[in-house]
Amino acid sequence: MARKLKTFQTSLVFYDLAVAAPSMKAALEAWGAGSNLFHQGVAKESDDPDVVAATMSKPGVVLKRPAGSNGRFGEHADLPSDLGAGNSGTRPQKRRSKPPKRMAPKISDTAARKAAADFDKEQKRREAERRREEAARPKDRELREKATAKAQAALDTAEREHAKRAADFQAEAEAIEKRSRAEDDRWEKERERLQAALRRAGLN
């Protein structure tokens, strides 16, 4: 059976956050908090009727509004409009007095059950998405490893081919150098023979 939902509220950096959840632990998980904000005094259960109505309409979904504002909570919110006001040199405006606190409207059992069921549905959707992502990680890793191995094999093959060609070129160069030296030796002997013949012809 789905647990009854409560509305929890906190402030993180630039936004006020609110969520309908069955417990403080579930609220902290929805906010992605790494510590117990309730023990730190920065999170609480809210009975503000507008906040309760907004969160119960989207159970399990974190709603937000600019920090310190009295605006409506929604899935998207702009940054606070007074960021950096402390450097403007102007005196801050006096904060308006808050209207008398209204009690949260009593939620019917039918609405409460529907909100709790919607919360469970949202949690199951998130859990299913998380499982899909976890299941995809090994496959993605396997594909990356195969692609890496293929690229490495291609590189190794290319390096071996290059080394073979370089060795062939080196052998050809050494053979040409050897033939060149042999030709130089042959020519030196042939030149000496011809010069000797030329000298003998001049003496006759």
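These residue numbers are counts, starting from 1, taken along the chain as shown.
Positions of Cβ are set from backbone N, Cα and C atoms, glycine also.
Unlike curated entries, TrEMBL annotations are predicted automatically.
Quick caveat, the model's predicted, so the values are computed rather than measured.
What TrEMBL records for this protein:
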| type | residues | note |
| --- | --- | --- |
| REGION | 63-189 | region 'Disordered' |
| COMPBIAS | 92-104 | compositional bias 'Basic residues' |
| COMPBIAS | 111-148 | compositional bias 'Basic and acidic residues' |
| COMPBIAS | 157-167 | compositional bias 'Basic and acidic residues' |
| COMPBIAS | 175-189 | compositional bias 'Basic and acidic residues' |
Do any residues of this chain, six or more beyond the ends of the compositional bias 'Basic and acidic residues' (111-148), have a C-beta under 8 angstroms from a C-beta of it, and if so which?
-> 2-5, 20-22, 26, 56, 58-61
DSSP assigns the residues of the compositional bias 'Basic and acidic residues' (111-148) as 38 helix, 0 strand, 0 coil
DSSP helix, strand and coil counts for the compositional bias 'Basic and acidic residues' (157-167)?
-> 11 helix, 0 strand, 0 coil
